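Novice: Okay, these came from TrEMBL:
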type	residues	note
COMPBIAS	484-496	compositional bias 'Polar residues'
COMPBIAS	508-522	compositional bias 'Basic and acidic residues'
COMPBIAS	524-553	compositional bias 'Polar residues'
COMPBIAS	580-592	compositional bias 'Low complexity'
DOMAIN	26-436	domain 'Cation/H+ exchanger transmembrane'
REGION	479-592	region 'Disordered'
TRANSMEM	12-30	transmembrane segment
TRANSMEM	39-58	transmembrane segment
TRANSMEM	70-93	transmembrane segment
TRANSMEM	105-128	transmembrane segment
TRANSMEM	182-198	transmembrane segment
TRANSMEM	210-236	transmembrane segment
TRANSMEM	256-289	transmembrane segment
TRANSMEM	372-391	transmembrane segment
TRANSMEM	418-444	transmembrane segment
Amino acid sequence: MPALATTNFNIILSVLGGWISLFGLVSYLCKESFYLSEALISLLAGVSLSPHAANFIRPLDYALGSVENLNAITLAFSRLVLGVQLVLAGVQLPSRYLKKQWKPLAILLGPIMAAMWIATSLLVWGLVPGLNILHALAIGSCVTPTDPVLSAVIVKGKFADHNVPKELQQIIIAESGANDGLGYPFLFLALYLIKYIGDGGVAESGGARVAIGLWFGETLGYTILLSVVYGAAVGWLAKELLHWAEEHKFVDRESFLVFAISLALFIVGTCGMIGSDDVLACFIAGNVFTWDDWFRLETLDDSLQPTIDMLLNVSVFMWYGAVCPWESFNDNGVVPLRRLVPLGILVLLLRRLPWVLMVHRFIPQIEEVRQAVFVGFFGPVGVSAIFYLYITLEFLQTLDVDGRPRADVAKLPEAVTVVVWFIAVCSIVVHGLSIPLGKLGFYLPRTISRGVMSSSSEGPSVVAPFTLGSRVSSFAIRRRSGADSGNEQSASSSSRPVYRIGGTIIPKRQEDSTGKLPDLREGVQTSNNSSTSAVAIGQASTSAVAIGQSSPSGVGPSAEGAAPYSGRTIRFPDEAPLSGAAAAGAAVPSEP
């Protein structure tokens, strides 16, 4: 007789597939209408399905009941997600971006990142009782890098297209990608000092001189410099090989599109074997891979990379929701909850914002104070922090003496686990809700006020329902005036402006004469920054649309009758050649 096979494998596949399917049904509503990040939603789903609630996801069972195995699984999962995300982040940047924008990037990755590290460490040192400064520096370094996964909520999608200038999006992508790998120097400076001088030099001889020597040699030399060279070499070699294969018609479309993702897997694996910085190597390889902009422009019409990106994001944050030590926030031997809450708030406010405000005038992409506040506040803590957390726990295990933790670091594993997880959860929640709450709180009072004034002055009116994020500019007021005899007169309508919900937070720059791809909306003709040419849905994309530019709504010119893949210039062996207007449209020169 058939029996119900409730194995871990069957349960996890059912839960993961069911959740991704359910989320997909309302994904556009959540992300593009309510501006809710998939990270926050997936984290909440992971909590509800974890052993703390429904008990469908049981991470400790998957790790065979071993906490060490569970930590290793979480670290490996985080490495995988970061590797793929950072290669894709490097691919998104324009040609030679790191070379052209090295000055603003040097400011963001140098003094600002160092200030973030020091500020966070001082806050941890001041609010966590019994913690010395070296331990606080180690904890602060884990949450110093900004997370590329959570940063996507402000550089992708409708909110970014309507509110964030393209140049600002690109500098945020570049900084969040590069500083993930550059968290190693800050972390290992603190860890080496803890190892050699943390207990007064009893367990390890050599003192600070040996610690600094190892930091320069192993961390800066082997880990950082080698990863940059290796990532650049692999990215350039991959670019040349793909060029050669495409010219000889050896590669089909599917393999071409998945090439960047397979490159990320290769770099994560090989860097892991040699012990280098796989995170930084992935970002460098992704940017070098599109150094000539060829691959980026040829995959603009591709949805495979965003699809893989979404699957990884949903999966990893569900896992985080299940493995997060929620009970330890209130019950631990390191820091009480009354100190954790202000620590999380102060870190989000003081870790990044003041320093970006101080130097924003030296960064051309940040033109105004409003933009500086925006960039300074949205420096989320997420996957990269969890990654460095488990790197720290691995290192601390090497300090054990006779199988027991060294006396001076006995409480450090618990402290770094509780503090880093709590700050990461705070960031996911706060940054995930900031945009919808900010837009709602700023525009709703004005909309209600105007609606009340309009109703009181014009009489009864029928107003369109409230929709967050809609691009409303006017509505029709229909009034009926009838006599007591019941005769129905013709309805009159007038157009009256409405202060729309979901307006621009950061003003866009004035574009040059070339303009950008017009906003293709549902039957609505729009113009781009006073451009005289209008584009409507259903109109074929020809010379008016340049290769390398994308619709703000994320909807390409897929008009009826238009040739598929009209944004690309190359043809794969299994595709029909372009003809007519489509071929003319594909021949438009790319951006310099």
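Glycine too: its Cβ is placed from the backbone N, Cα and C atoms.
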Novice: Mind pulling out the one from 39-58, 70-93, 182-198, 418-444 with the most Cβ pairs under 8 angstroms to the transmembrane segment (256-289)?
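Specialist: Maximum Cβ contact count belongs to 70-93.
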Novice: Counting Cβ pairs closer than 8 Å, which of 105-128, 182-198, 210-236, 418-444 has the most of them with the transmembrane segment (39-58)?
Specialist: 418-444
Novice: Would you call the transmembrane segment (70-93) and the transmembrane segment (418-444) in contact, using three or more Cβ pairs under 8 Å, pairs 6 or more apart in sequence?
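Specialist: No, these stretches are not in contact.
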Novice: Under 8 Å between C-beta atoms and at least six residues away from its ends: which parts of the chain pack against the transmembrane segment (418-444)?
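Specialist: Same-chain contacts beyond the ends: 34-37, 39-41, 43, 124, 128, 139, 142-143, 147, 150, 153-154, 159, 317, 320, 324-325, 328-329, 332, 334-335, 340, 343-345, 347-348, 377-378, 380-382, 385-386, 388-389, 468-469, 499-503, 505.
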